[in-house]
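Read the structure below first, then the notes.
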Amino acid sequence: MDNIASYNVARKFEKRALLILVNAVAGLSIFFFGYDQGVMGGVNGNRSYAHIMGFGYFDEQSGIVNVQKPLLQGGIIAVYYLPGTLFGAFLGGWFGDRYGRIKTIAVASLWAIVGATLQCSAQNAKWMFCARTLNGIGTGILNAITPVWATETASHTSRGQFVSIEFTLNIFGVVVAYWIEYGTSFYSQVNSSFIWRFPIAFQIVPLIFLFFVVWAMPESPRWLVKVGREEEARFILGRLRGEGDGAAEAEFQDIHNIVELERKTSSQNSYLAMFFGWGSGKLHTGRRVQLVVWLQILQEWIGIAGITIYGPTIFTIAGVSASSRLWVSGLNDITYMFATLICVFTLDRIGRRWTLYWGSVGQGICMFCAGGLARATINAKASGGNTAGVGGGAIFFVFLFTAIFGATWLTVPWLYPAEIFPLEVRARGNAWGVVGWSIGNGWTVLLLPTIFAHLNEKTLYLFGAVNAATIVIVWALYPETNQRTLEEMDLVFASDSIWNWDAERNFKILKEQNPELVRAAQRGNSVVDPEAGVKGGRQGSLVPRNLSLEAKEYDPEKVEAGVKHDDV
């Protein structure tokens, strides 16, 4: 393929080796995202940073920063999300659909390098506000496009595992940020700005590497089909899936057919049209937007933001000293990281819905128990009783919550938006998920300190109730995507009903009506032309006839005789 550079790794590697390289580069992008999020936790508590930004001073007696202007402190964090990552998501989605996944990742890397440079050299709060916003835009672009590139190159049978590995690296980024900050805290000059500037500057290292290495990566074959570069798409799919058994050709034909169907079915392009579903017809893009936005918002309100904010308070209530809190928090992050590996092995086996179910149950129990034990510890202290047992129990449930979250709700809200949108607007669709994440984070950063100030540990009961509500919400509204190709998603969401059970019923019918759209999902992937009787190769592709997302009259016997889906 003359259009594919000689240094492109797809020319040398194929199948599993090529997928590992793609996964590693996507993981590097997600690693930066985790590091960038995690680094501000330690920076906020630094005496030099608090003085330069003007929101507080360091109390020598207590050993912590005394915050005098919490709104200023919180605002510096919040602008990273609102407007930073929110605007970046919209920009990344548009750019990614127009110019491709690889160019978008490269542009975002360069943008984030500029933002990080400005952050680590900030001299006052206004400077930091601008730098944080710019850095947030770069992160938003990366978050909008990286999961899309990953899911569009991965096989539908291991897509969840592919993205789960990346989010293990995401939490690894948080861990690295924490321990770098822990190391710089021992710097001999305690008032030096080096202690907080170096951890921020360190993120430039993976960004520079990402910028250069991404140019050697294969472009998404689905985006190539969308823009008419079909020979390149065939070549890359062949390298990703292998050439021998017809799997790559079957997948290529599915992609080609779904592109034609989407263009015939839908006329929506703008973000506004996507949000309201204008012109989307049977693709129901507006419904998909609402699902991914609210899934990301719920991810914050099930308790992870609360544990991030209130966890250190629970450690203090339990009698953990200021110096020991650093070790306890660091150990919690390490536990969190290893827990994400559970998702690597379970997500493609039990599916997205059951992953969220068991996560909600476990997290809800942890929230109620942590809240109750925190109150019991406070009461025991007030009465002069022994707090070791109840305090240790509260800490245990904080650890358990973050572990369960890492194994469940951390990954799915990021994977789901990259899976469910039509190819024509997939990057912009995933951008809506980042918008939901930005709203959820910005909202909680601003509101939770006030809520905790009024409700204290009772706020954890609120999170427990939200976890219970999510079980019903996911069951009723969120269709399963596990073991389904990206092309099948248009069939899954073709139902006019918002309810999951109607979507599954309609999906079965449409699979019967449109066998040309689901061949890559079948076992055995041999491509057979019913007229010519030819197997394999381009000549063996099924010719699409009257493709439609309009389900015909329901015939239970015909559906039962057709291809069944294990997750229905």
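Note that Cβ sites are derived from N, Cα and C of the backbone, with glycine treated the same way.
Please treat TrEMBL annotations as automatic predictions, because they have not gone through curation.
Quantities reported herein were computed from a predicted structural model and do not represent experimental measurements.
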**Report entry** Which listed span TrEMBL calls transmembrane segment, if the choices are 123-143, 354-374
**Finding:** 354-374
Report task. Take the transmembrane segment (162-180) and find every residue of the same chain, 6 or more past its ends, with a Cβ under 8 Å from one of its Cβ atoms. Result -> 19, 23, 26-39, 41-42, 146-147, 150-151, 154, 198-199, 202, 329-330, 333-334, 336-337, 340-341, 343-344, 347, 406, 410-411, 414-415, 418
Query - Outside the transmembrane segment (200-217), six or more residues from its ends: residues with CB under 8 Å to it - result: 5, 7-9, 21-22, 25, 28-29, 31-32, 35-36, 39, 43, 102, 105-106, 109-110, 112-113, 116-117, 119-120, 180
Query raised in the report: How about the transmembrane segment (354-374) and the transmembrane segment (17-35): at least 3 CB pairs under 8 Å, pairs 6 or more apart in sequence, or not?
Result: no
Query raised in the report: Which residues, given as numbers and ranges, are at least 6 beyond the ends of the transmembrane segment (17-35) yet have a Cβ under 8 Å from it?
Result: 9-10, 105, 109, 112, 139, 142-143, 146-147, 149-150, 153-155, 162, 165-167, 169-174, 176-177, 202-203, 206-207, 209-210, 213-214, 217-218, 239-240
